[in-house]
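Record features (TrEMBL):
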| type | residues | note |
| --- | --- | --- |
| BINDING | 25, 87, 126, 462 | (6S)-5-formyl-5,6,7,8-tetrahydrofolate binding site |
| BINDING | 233-238, 252-258, 277-280 | GTP binding site |
| BINDING | 233, 252, 254, 257 | K(+) binding site |
| BINDING | 237, 258 | Mg(2+) binding site |
| DOMAIN | 223-382 | domain 'TrmE-type G' |
Ligand code: GDP
Ligand code: ZN
């Protein structure tokens, strides 16, 4: 049977921050019926909606008990998917969880596709498109801060902002419409053009400031690609270990790639760093690491941020100078390590080679300077380079970013049209296109709606 959009679906949906409890979620018309087949306890068809019921999961074929569970019954329409939803909370570990899912699938539900619960929430009108996407991001969120961005978006901050923009465009279009209706006034044409120009500039500026947040948002989701470099023995492995151990690193196997590709994420003061080439730092003994500088150069290409270590207890070497030169155009922090030992480095020379880059003094073995390093990283990320933005909304989704770019282009066309003295009704077309593109972000761009709204405003205006 082909997957349909209203059959009953099920999946393990254990929340982020997995603990001892797992949840099997079932959604659809038959959700209660399916659960009842494998559940011993109250009659789920009769319990009140939004209740949690104690009982046991029992295999009806063998009468064998699988797990002790709490079953939540939530009837449509006040549920996540707006369908009947059952959630089976079990605590018997992976084996029991899988066994229960199998039972659910044998007694009338089918396996949900990835994101299918959310898709249903969208199709049933529970979430708008950007909110649905925020849920997807939430599932992938890797740090607290990116979690917050996803949650804000879920709250509809981005949707609200986009809707305000669209409303403003609609107001202009309606006003232009009214003006065109009264061609007997000479000044009208000029007024209309002036209004269009002002509004287009204002809206374009707001879109551009949203676009500025895109880079930051992407980093929050994907991690700031960070290279730890420096000559052999300077303390790279020590720094890596210190970051990994002190800041609760998240080590993930990247899905769909070979097993030995490992990305390491570490959360430094709210900034997720994706550490590059850590295998190289981990596994080398220092004999192999004679090629350290070459390796460092390679890691540089992909890096958003460079942490360059210099040994404070030695004079600067040619390798140090080469690395300082090779990274001078990068966002970098220079870490002057081993400050617990007598200083031999020429600080004046180092500072002049460092240019505008911050130099942070550390003694990694003594855990000194790590706080300053963390502050420097978050300061570079949150305060420098990226402007603070309206309402803390960040655009993190590639589709949204693409649409915002197109909307921005449409407004450039509006402004060019006005400058070239194009007739107002032609300029209007580009303005309308901008409105439609923005609507695709929230999923409510329909020509009919434009006409309806224009019509209602037009009448109000008269
Ligand atoms: P790598 O070759 O750059 O990875 O350097 P390692 O992290 O392996 O460190 C080389 C040696 O320097 C090790 O013996 C570390 O214990 C030592 N080391 C690292 N950081 C410091 C520090 O801040 N002070 C001192 N005295 N020794 C350090
Ligand atoms: Zn090492």
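Just so it is clear, glycine is given a Cβ too, placed from its N, Cα and C backbone atoms.
Along the domain 'TrmE-type G' (223-382), the predicted structure has mean pLDDT 78. Each of the binding-site residues 233, 237 was scored by how many other Cβ atoms lie within 10 Å of its Cβ, and the smallest score goes to 233. A straight line from the CA of residue 236 (GTP binding site) to the CA of residue 25 ((6S)-5-formyl-5,6,7,8-tetrahydrofolate binding site) spans 45 Å. Only 236, 237, of the binding-site residues 25, 87, 126, 236, 237, place a Cβ under 6 Å from an atom of ligand 1. Around the Cβ of residue 126 ((6S)-5-formyl-5,6,7,8-tetrahydrofolate binding site), the same chain contributes 80, 81, 82, each under 8 angstroms and 6 or more positions distant in sequence. DSSP gives residue 237 (Mg(2+) binding site) a helix state.
The DSSP secondary structure for residue 126 ((6S)-5-formyl-5,6,7,8-tetrahydrofolate binding site) is coil. Residues from the binding-site residues list (25, 87, 126, 233) with a C-beta closer than 6 Å to any atom of ligand 2: none. The binding-site residues in question are 25, 236, and the one with the fewest Cβ neighbours inside 10 Å is 25. Comparing residue 87 ((6S)-5-formyl-5,6,7,8-tetrahydrofolate binding site) with residue 237 (Mg(2+) binding site), their Cα atoms are 45 Å apart once rounded. Between residue 237 (Mg(2+) binding site) and residue 25 ((6S)-5-formyl-5,6,7,8-tetrahydrofolate binding site), the C-alpha separation comes to 43 Å.
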